[in-house]
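Pulled from TrEMBL, these are the features on record:
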- B:15-295: domain 'Protein kinase' (DOMAIN)
- B:VAL21, B:GLY22, B:GLU23, B:GLY24, B:THR25, B:TYR26, B:ALA27, B:VAL28, B:VAL29, B:LYS44, B:LYS45: ATP binding site (BINDING)
- B:ASP137: active site, proton acceptor (ACT_SITE)
- B:327-365: region 'Disordered' (REGION)
- B:344-358: compositional bias 'Basic and acidic residues' (COMPBIAS)
Amino acid sequence: MANRMNWLQGKTVRKNTPSASHSRSSSTPQVQSTSSTIFGGGVKDPSGRITEYSSDDDQCPVCKSDKYLEKKLRLLVSSCYHKMCESCIDRLFTLGPAPCPICNKVLRKLAFTPQTFEDLGVEKEIAIRRRVAKEFNKRLEDFSNLREFNDYLEDVEDITFNLINDVDPVGTEARIAAYREANTALTLLNTQREEAYILSLRQAEEQDRKEKEARAEELRREEEEERQEKESGRREIIERLERAEGSDAVNVVRRTKRERAEREASRKGVAPGKGAQALLRARMAAAAATAATKDTPHIPLQDDYYAYEDMFVLQSTYVDPLSEAVRKDREGIMRAGGYRVEEAWERAVRSAVAGLDLWPLESDRDAFQSSHAFDPSGDAIMSAA
Amino acid sequence: MDAVEKANTERQKRWVKDQKVGEGTYAVVYRGREASTNRKVAIKKIKVGQFKDGLDMSAIREVKYLRELKHQNVIELLDVFSSKTNLNLVLEFLDSDLEMIIKDRSLVFLPADIKSWMAMTFRGLEFCHRNWILHRDLKPNNLLIASDGQLKIADFGLARDFADPGYKMTCQVITRWYRPPELLYGCRYYSTAVDIWSVGCIFAELMLRTPYLAGESDMDQLKTIFRALGTPSEQDWPGHTKLPDYVPMGQFPKQPLRDLFTAASADTLNLLGQCLVYEPRKRISAKDALHHAYFFALPYPSQPTKLPKCAAQLTAALPLEELDGNTLTGKTNRLKRKLTSPSDDTKTRPAVARRLDFTKPTPGS
């Protein structure tokens, strides 16, 4: 319970006790040989390490050996979220896939992962969410409005919930498959974008780090200079006093100090971050350059050709004796070449409706409207033509 | 003089031929201007008399399709008239082409510049495709650049309308380096995807500053493609093994585009990848490409006026590539781009100004 409280309070959960981790590294080879290398997975912390959960009350549900008697006991989690100790895993699955002793699902040795959270439900949820996030990675930009995006998120959450709680597994998998089918390209694009974004973040971080280092270096150098200056100043006073330059010792000291102050002031006036200023200037120049370029956002098409798509509805098939033979006969070849008989139909239909809402000639329209302004009947068109 | 002839002379008077700037197998190109406005034009005189079978096919195609198309990113055919036995096409005058710009090593391309060129190319191509025309010879030197930086698709000598009910089309089109694998496999039924592949190659070329898939023969071209993009499996491209000229090519693994285009953004590579998809039906369409995230992402595409320009914009640089009916000769056109002394037009000398010397073989042909 104490563990759980710690976890809730945001403290780190107690992982392997030092003695346990120690015993693991110096363990008997026949059991542990596989453990560190083969079992992957688990939840990584920000530093990339996998921290494992274990407690003193651990007991293998299969062989009933427990932590109390078997200090080296390490429980791993199967893909069906059942715990087993390493020796049981070795015993049961070394000879290939075998059913889980608890739920009979066929498991492989490689499918076992270290446990990170005390609650296996959390473990499962994380695995599922990670899987779902990999596929359902649409962004707000991919939707025309917020409403659609929210609906999409709702859908995703619904699927996640179903997977976690094993509600309608077949239907849910079908939904995921359908989504995957429909969105492969976009998913891929978003994955690439995400990778690019991570890369850019890393580069920015690196850049920041370098800048910080340079700044620290500069500061150090300045300090060093200042120190040397002070040192040389003191030496100068002593030297002057030694040479008994000028009659009055107090005067000598005062004059030297004044000179030094002047020098320092002049140095400070120029120096404060010569590098920083250069950097600032470069940035301003870059900003000015981008401001001067009046590039405008991309407009895909500069006309409204596709604004009249509602003039026709393309059927899924037509009785078309001309293309029928070709279509039946050579579908394989035509498909591989990218030919679509639908294009021929679309062209025909488009040609049929093209210009339906246009007057034959602009001048005719004016003539017609002036002479037949009060005659709305269809005959007028005939007579005008 | 009958009405037709009268109309023709009327038209002929509108244009003034200035100086000859180039000559190819089926046409001579003159620089000219509009008599009334002094607007610069290119006049392409097609030699009719030479051909027993009548007018050259590509001239017919060019007139047929360019008459239909008027778009900012497609070269404009201003007029057509005949003189004696020749047919004259009056075209927009354009300074340079994308190939000259790519080859000019003194120019630096920003990602925004490439984006701008690509957007203009896709816009022009989308316009052709929407009007059911396949260009079938897209390559950097058929993308001409106007003095205001606008890119214009030119040379419709191999163009063809598509989407007809199952007529065979020839697969001997598109300059080899820009030819998609389905044409190399001898496919006779294809669609807009062939042009998209070419645009993908041009896109890559803009980034690399050197041709992306430069094969030495048709067979080698396939190998070059597979080496770069991996040999397609039946899953990648269903049915390709049934294409007429299919030959197994050996297995090459897929190289990630990222390895070659190290500096490109994820969006860029995604669009490039979608232009170079093996299965033609899965290849992105020009319209979808224009709506791709690449174009909306920062940096915004450069304004055309700001795009890099060829320093040596020769006054004589003209759509000379159009002269050559044979698209497969590739690089030899450049040799013909020599200034010749101004020669009078046909009024004083009835014959063609100068014929190509066929006794000397041109390199590469």
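Positions of Cβ are set from backbone N, Cα and C atoms, glycine also.
When the Cα atoms are compared, B:LYS45 (ATP binding site) and B:ASP137 (active site, proton acceptor) turn out to be 21 Å apart.
The candidate set comprises the binding-site residues B:VAL21, B:ALA27, B:VAL29. Of these, B:ALA27 has the most other Cβ atoms within 10 Å. A distance of 20 Å separates the Cα atom of B:VAL29 (ATP binding site) from that of B:ASP137 (active site, proton acceptor).
Summarised as a single figure, the pLDDT of the domain 'Protein kinase' (B:15-295) averages 89. A distance of 23 Å separates the Cα atom of B:VAL21 (ATP binding site) from that of the residue listed as 'active site, proton acceptor'. Cα separation, B:ALA27 (ATP binding site) to B:ASP137 (active site, proton acceptor), rounded: 18 Å.
Rounded to a whole value, the Cα-Cα separation of B:GLU23 (ATP binding site) and B:ASP137 (active site, proton acceptor) is 20 Å.
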